[in-house]
Amino acid sequence: MPHTVATPPPLLQVRGISKQFSGVVVLKSIDFTLQPGQVHALLGGNGAGKSTLMKIIAGILPPDTGVIEMNGQPCFNLTPAKAHQLGIYLVPQEPMLFANLSVQENILFRLPKHQADKKKMAQLLKNLGCHLDLSVSAGSLEVADQQLVEIMRGLMRDSRILILDEPTASLTPAETHRLFSQIRILLQQGVGVVFISHKLPEIRQLADWVSVMRDGGIALSGATADFSTEDMIQAMTPEAQKGALTDSQKLWLELPGNRRAQSRAQSQQPVIHVHDLSGEGFAHISFHVQAGEILGLAGVVGAGRTELAETLYGLRPASTGNVILEEVNITAMKTANRLAAGLVYLPEDRQASGLYLDAPLSWNVCALAHDRQGLWTQPAQEAAVLERYRRALNIKFSHLEQPVRTLSGGNQQKLLIAKCLEANPLLLIIDEPTRGVDVSARSDIYQLIRSIAEQQVAIIFISSDLEEVVQMADRVLVMHQGEINGALSGAAMNVDTIMHMAFGEHRSVSEPQGGTASSAENKGASC
């Protein structure tokens, strides 16, 4: 008889995993396999069950039924500590760091002494191309850098299974490239990677195998090369929505309330005029935004975009310069007064500064209106508002009083957008609006943002997704090391040019529009 070589068992095999919450089935007999040295991408709409499945594998949640095996050995009663010992590490979509501890302390937290090797940590950081200051507090980092710290925690634990939940959501293309390079090094060492993402080009670039989840089950699974982009999108789309056109824009235009569209329609004055503004992380910033205009703000992480946005909203003090909103100087105003004047900010970190996680959905969606109008409890009105946004953005939830923290990350982001829109913005500053949002929902959000602009609301659009910036913005300001490196519009506004300018190159390629600064030579002039 010919000698038969036994096939080694998969690194990870999940069979028949099911899970319910309060009688609602969220996972339906899931089978999932990960081989050594493989990237297995996991796709699915918000609420499809991806995060729940990964939390079960990582020992955070127990399954109701099913078996988890590593290298052919069953794993019973998994806890996060046991999962770490087995080499399973989940890098969450929302960084979960100790804000008051240093970066180094966060990376080494609870590591056994034999693994807490500072030389190894330095080498891993070098391999990733990271230039993090290990002595600063983790809470002072941008979200993208916090994400890299989370990944470092997994790498320091010699993880054999690395679960990455939307790891590139807040990373620039250069940072994404470095991360992928490090992942490929890990693959050569036999590490298996579960890669959760909504970015189909990244999945094609990195993943060997792809599984698509829909409504708690596996709708499609196989080699990535065997499926077209359309195959994946169709597999993600619920049957009830196939062939249906989004009505987000129509619903938004039907929303009641004074959107100030009439008062701005005939005005030629900018909604906001920022002159020579300086503050923590940026200097000598000047620009204006007209009613109905979407102004993109691009740059690499650390360029000062979020610091600028927070200063405009009054969360940080300005050291010099002026901010004029509808001909009123608001530079010294408190945040509450800026909100009352119509300046609304959708923050980058929804869990830390955007939503009240333990409060009901219906209360959250009207929270800024509460702050502005003192309407602390109008249940019927709140329910009606939430229902409109549920239909417009396809927000998935069970009941009105459900706490926000029970929603998936993408649905939390949609709720935050709804909350900001309901505050009746005159100027809306949007920081990473599609972070953690699936492919099918992005188009809804884009249409919604455009429909707001059509109602003469001025929009400052901040995103690390440069293709998204080009798609959405009428003009783009590119920041580099806290200053405006140039302004782009028209045909000059493309990903390649923005990328070069974001890394400090000076390109005079803007098409002037109504006094807009046209080159890097005009730093400090009105853009």
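Just so it is clear, glycine is given a Cβ too, placed from its N, Cα and C backbone atoms.
Per Swiss-Prot, domain 'ABC transporter 1' is recorded for 12-240, and the stated evidence type is sequence analysis.
Annotation comment: Swiss-Prot describes Gly44, Gly45, Asn46, Gly47, Ala48, Gly49, Lys50, Ser51 as ATP binding site. Counting Cβ atoms from all protein chains shown, Gly44 (ATP binding site) has 29 others lying within 10 Å of its own Cβ.
Summarising the annotation, Swiss-Prot assigns domain 'ABC transporter 2' to 266-506 and lists sequence analysis as the type of evidence.
The region 'Disordered' annotation in Swiss-Prot covers 508-527.
The compositional bias 'Polar residues' annotation in Swiss-Prot covers 510-521.
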Under 8 Å Cβ-Cβ from Gly47 (ATP binding site), six or more apart in the same chain: what's there?
Lys396, Leu407, Ser408, Gly410, Asn411
For Gly49 (ATP binding site), the nonlocal same-chain Cβ neighbours (under 8 Å, six or more residues apart) come out as Lys19, Val26, Leu27, Ile30, Met213, Asp215, Gly216, Gly217
Across the domain 'ABC transporter 1' (12-240) the predicted model averages a pLDDT of 87
So what sits near Lys50 (ATP binding site) in its own chain, CB-to-CB under 8 Å and at least six residues off in sequence?
Leu42, Leu43, Gly44, Asp165, Ile196, Met213
